[in-house]
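**Q** Right, I'll just put the structure down here and ask away after.
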Amino acid sequence: MVKPEKFIPKAVEKISKEIKDGRAIIALSGGVDSSVCAELAHRAIGGRLQPIYIDTGLMRKGETERIKHIFSHMNLDIVYAKDRFLAALKGITDPEEKRKAIGETFIRVFEEEARKLEADYLIQGTIYPDRIESEGGIKSHHNVGGLPSVMDFKKIVEPIEDLYKDEVREVAWALKLPDEICERMPFPGPGLAVRILGEVTEEKLEVAREANSIVEEELLDRFCPWQTFAAVIGKGTGVKGDIRAYGWIIAVRAVGSRDGMTAEALELPWDVLKKLESRITSEIPKVARVVYDITPKPPATIEFE
C-alpha cells in the first residue's frame, strides 16, 4: 500500500526532473486520477502547467458543466471536439479499434493545443491496472495501448502509473482534494463509447447517457458501488401499448471492488431492479428491455468493451 507522505514529494520531484524548465499540458477529466496528477504537477512546475479538458461528446449527462464548476479556480481550457470524435468512430464496430481511434484523436487534439501553448510535455493519469490490461492484451486503454506510435511530444509524463485506484484515492485525500473528487466513481477514458456495443451513433449515445443517469441516481448513494453504469448492448423485440416495439437492450452493471483488478456483482434487491427496469423503459421510449449483469471479474471485465 502506498504511503502518501513519501509518495507525494517523490512524485513532485520526478515531475520537476522530467519537465525541467519546459511547459506541460495535462489531460484533465475531473476523475481522481487526472486530478491527483494535476495537483502534483502544479506543485512541481506551477504556472508552466496548463490543464485541458476535452468534451468528446462521449461524456455523461451534465459532465462538462460539472467539470467547469469543480475546476473553476483553475485556468482550465475546455476544447469542444464532439464532431471530431464521432467522425473518428464512424463505421467502427470492433472495441479495440474504437479505443485506438479515441486514443489517436485525444493525442492529436492535445498536440494541437500544446503547439498553441508551446508546451512539449503531456501529463496524464495512467494507473497500474491500465498498463496491466493494455500490456496483457485484455483491452487497450486510450492512454496506453490506444495511443498512436508517433506523437509530437518530447515525453508523456505519468506520475501515478505504478498506483492502483485505491492508492490514488489515498494520495488524493493526502493532497486535500475535494471529497467529490476523492470519492468519485471511475469513468472510462473513452467515455460512453465503451458502453455501446458496436458502432457509436448519436442515438445510442443519447440512450446510454440517459440510462447511465438513471442508474447512478438509483444506486450510487444507496449502495455505494465501486462502479455502476448502463450499457447499450443491442436491440430486441418488446411490446409497448399492445404494439410491437423493436428497441434497445440496456444492461445494468453494479460491482464491488478494491482496486478494479477483480470485482463481484452486487446482489441488488428485486424491488430495486424492478424500479430500474421501470424507469429506464418508461423514461427512454426507445428501450425495449433491461437486463442485470451478474458476471464477476474475471471472467468478465467491468466494462463491456
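Just so it is clear, glycine is given a Cβ too, placed from its N, Cα and C backbone atoms.
Below are the features I grabbed from Swiss-Prot:
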type    : residues                                        : note
BINDING : SER29, GLY30, GLY31, VAL32, ASP33, SER34, SER35 : ATP binding site
DOMAIN  : 2-184                                           : domain 'GMPS ATP-PPase'
**Q** In sequence order, which same-chain residues at least six apart have a C-beta under 8 angstroms from GLY31 (ATP binding site)?
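**A** Correct list: GLY125, ILE181, ARG184, PRO186, PHE187.
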**Q** Going by DSSP, is VAL32 (ATP binding site) sitting in a helix, a strand, or coil?
**A** helix
**Q** Using a Cβ cut-off under 8 Å and a sequence separation of 6 or more, which residues in the same chain sit near ASP33 (ATP binding site)?
**A** GLY125, THR126, ILE127, ILE160, LYS165, VAL168
**Q** If I restrict to non-local contacts, at least six residues apart, and a C-beta distance under 8 angstroms, what lies near SER34 (ATP binding site) in its own chain?
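**A** Residues satisfying the criterion: ILE26, ALA27, LEU28, GLN124, GLY125.
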**Q** Over all shown protein chains, what is the count of other CB atoms within 10 A of the CB belonging to SER35 (ATP binding site)?
**A** 26
**Q** Give me the count of other Cβ atoms within 10 A of the Cβ belonging to GLY30 (ATP binding site).
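**A** Its Cβ has 22 other Cβ atoms within 10 Å.
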**Q** Cβ within 8 Å of the ATP site centroid (SER29, GLY30, GLY31, VAL32, ASP33, SER34, SER35 excluded): which residues?
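**A** Apart from SER29, GLY30, GLY31, VAL32, ASP33, SER34, SER35, the close residues are LEU28, VAL36, CYS37, GLY125, ILE181, ARG184.
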